[in-house]
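Enquirer: There's a structure below that I have some questions on.
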Amino acid sequence: EDDGGGFLLDPTQGKSNLGNLFGGGGAANSDSLKYRPKTAPSATAPQQQQQRARSASGKSAAPTLACLVAGKVTLFRYEGNEAKQIGKLGAAVLGNPAVPNASQLVIYQPSNQKHVVVAVIHPAFDFAIQQEVYGSFTDSNMVRYSIFFESKEDALSFSRQIALLVFLSKGGKELHSFDHLVPAKGKPVGNGDTIGVTYTGWLEEGAKVGKKFDSNVDKKIFRMVIGDGSVIKGWEQGVVGMKRGGRRVLVVPSALGYGSAGAPGRIPPDATLIFDVTVVKVKKAEADEGKEESPSTAGEVGGGEGGEDTAAQLKARMARLGQPTLVVGGASLSASPATDQGQQQPQQLQQPQQPQPQQ
């Protein structure tokens, strides 16, 4: 069924259609999975003198970073187009809300927490999720890596957290989106189109993806008309360009969400919101007005405006990352228009098969 209700444009209204609220998920990691950032020992008198001397000379100590999310992964390093398995390691995303440009993705040895790979999370950091459990990125030395997560939820948790940190590294004022590389069909959606989506929303809490405040997963599909002003601006802008089957993470600044008013009892004032959105239905408003896309009509080979262009963009993007392009049943792939907009696409490379962890 479809749910015609949606996010209130005016958060000052007495009634909210945000839907059922959920408590944030607890961290059920065992001690062996927990990453413990190195912290400075208590300062003795000589150390205090050295610290004062550094302060006087204008030099400051490196910022302390907290572990925001952690998990087990299998690491692969690309040498050309060949993926070499490094081993089963720990992965952690580290950050500090006071120093947004210091955030890191760290791959480490669980036994002694020795760093194997360190990648600084910056405004142009390109982290991709493919086939639900693979993540790919380039480190600070421009070496390409792929990581295999032990679960889909781990991959989703890392993607949301990294998307939030990229948003913060840009200043935290503009909408940021991150697309999962999944099969998507049909034409990109735009103003006037009606879409049905499933979503989950979280609050930012100190540079971390915090409490889950709303979700319609396993419930009624949320239906909206793009551009009719019925939802927050972050959604109006954030879903444009998606296709049926596409999945996108949206990081919505307060100005495009609920602003200084918030939503009493649900969303605090000036809150940054993180959404995981999947488009499950599309009804176009243009030439196909009144015709709802179905699996048998959407994304047919040779049809679908923008399908070939989008696939080419993603092939080029995956070439940059050193990953194979995922094509299932001839369907085109979803891509965020903002990701590749204005960038010259490199020559496409023949890609290797997705690396498989050795038992």
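Glycine is treated like the rest: Cβ placed from N, Cα and C.
What you are looking at is a predicted structure, and each value in this text was computed from that prediction instead of being measured.
Heads up, here are the entries from TrEMBL:
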COMPBIAS  38-58  compositional bias 'Low complexity'
COMPBIAS  285-294  compositional bias 'Basic and acidic residues'
COMPBIAS  341-353  compositional bias 'Low complexity'
DOMAIN    192-283  domain 'PPIase FKBP-type'
REGION    1-58  region 'Disordered'
REGION    285-359  region 'Disordered'
Enquirer: When the pLDDT values for the domain 'PPIase FKBP-type' (192-283) are averaged, what is the result?
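Expert: It averages 96.
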Enquirer: Using DSSP, break the domain 'PPIase FKBP-type' (192-283) down into helix, strand and coil residues and give each count.
Expert: 9 helix, 45 strand, 38 coil
